[in-house]
């Protein structure tokens with residue numbers, strides 16, 4: 001399998017093969033090769049349907065029946081490869097040659113690759129393209145960079161300030177404490193304080209303890225499993241109690257959630273119904289929905305357990321077996337390689353649930369969670385000892 005973007009006779013070309021056939025897309029217009037024109041390129045695939053967009057002109061290849069997963073286990077190469085004989089002959093039209101030019105602002109699956117001296121795994125014969133102290137990312141939030149004698153200077157848009165336009169003017173004189181992040185609210189010309197775990201209050205200056213975690217909508221907990229290296233990942237188990245009066249929300253996501261190929265086990269609500277999704281290697285799992293009765297959004301406590309035995313999944317709700325399904329009778333993938341990461345209620349500030357989960361869940365969780373147990377552990381996990389923001393003490397008023 002491969003995915004390759006190249007220049008062919010002045011045109012941009014995308015080629016990929018998921019195991020059955022090579023798909024070729026080419027832009028209708030040529031790129032400027034005068035050395036001073038930047039082009040914006042978007043390319044990729046959803047399943048086996050490809051898209052290629054150069055400066056806003058889009059080319060797509062409609063999907064036809066066939067394979068829909070890209071199985072590659074190589075490094076990611078930009079601008080060239082360590083050895084030209086690594087290149088699949090089907091990935092290019094002519095003889096392979098390295099790229100001559102400049103590349104910047106490279107984003108793969110919503111994550112930017114830092115094309116710097118230190119971040120890549122390796123490389124050769126790379127120079128600084130901009131040649132000044134400005135570079136393309138020095139000034140954040142659409143600030144304009146100017147070279148000055150001492151280095152650079154940023155001219156910032158109206159809502160931003162700081163040497164790199166990195167600070168919102170609404171947070172320039174904030175009163176959030178040391179256990180908080182300032183979150184600008186431009187529409188009301190103000191800000192709110194996002195409290196780290198164990199702190200609450202308007203300015204996050206009140207210390208709290210909790211055993212029941214209360215999520216208010218812009219909250220999340222990220223728990224790192226200290227026993228991950230010793231787990232048998234072919235036999236996973238997760239159980240917890242939750243209560244909510246909302247019909248939508250992500251309760252828990254076991255998985256790193258860094259890119260589309262990460263394994264995960266997720267529990268949440270959709271239309272008031274319990275929804276479980278599990279991916280053991282290819283993001284093709286059918287969401288498992290419980291449609292018998294709509295009781296999960298009634299403000300009562302509900303106990304749910306999800307058990308994964310290789311490709312067989314059992315879901316219990318209030319100690320009743322509500323789902324039992326073999327998600328892959330072929331047994332192609334049987335282990336939940338979740339990276340030891342569990343998210344509760346949502347993801348990091350600024351990462352929207354519907355985007356990270358590619359629409360599997362629509363919103364962050366609003367409600368309470370308690371009694372979380374991983375695998376067959378004898379103890380509940382201590383949510384207080386994880387990391388997160390905007391978690392309140394749910395012990396009162398139960």
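Placement of Cβ uses the backbone N, Cα and C atoms for every residue, glycine included.
What TrEMBL annotates here:
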DOMAIN    1-129  domain 'Laminin G'
DISULFID  102-129  disulfide bond
DOMAIN    130-166  domain 'EGF-like'
DISULFID  156-165  disulfide bond
DOMAIN    167-205  domain 'EGF-like'
DISULFID  176-193  disulfide bond
DISULFID  195-204  disulfide bond
DOMAIN    210-398  domain 'Laminin G'
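For the disulfide-bonded residues 156, 193, counting C-beta atoms within 10 A of each C-beta gives the highest total at 193. With respect to Cβ neighbours within 10 Å, the disulfide-bonded residues 102, 165, 204 differ, and 102 shows the lowest count. Residue 176 (disulfide bond): 19 other CB atoms within 10 A of its CB, across all protein chains.
Put simply, of the disulfide-bonded residues 102, 129, 156, 193, the one whose Cα is nearest the Cα of residue 204 (disulfide bond) is 193. Put simply, 165 is the one of the disulfide-bonded residues 102, 129, 156, 165 whose Cα lies nearest to the Cα of residue 195 (disulfide bond).
Each of the disulfide-bonded residues 129, 195 was scored by how many other Cβ atoms lie within 10 Å of its Cβ, and the smallest score goes to 129. A straight line from the CA of residue 102 (disulfide bond) to the CA of residue 156 (disulfide bond) spans 26 Å.
DSSP labels the residues of the domain 'EGF-like' (167-205) in these numbers: 6 helix, 17 strand, 16 coil.
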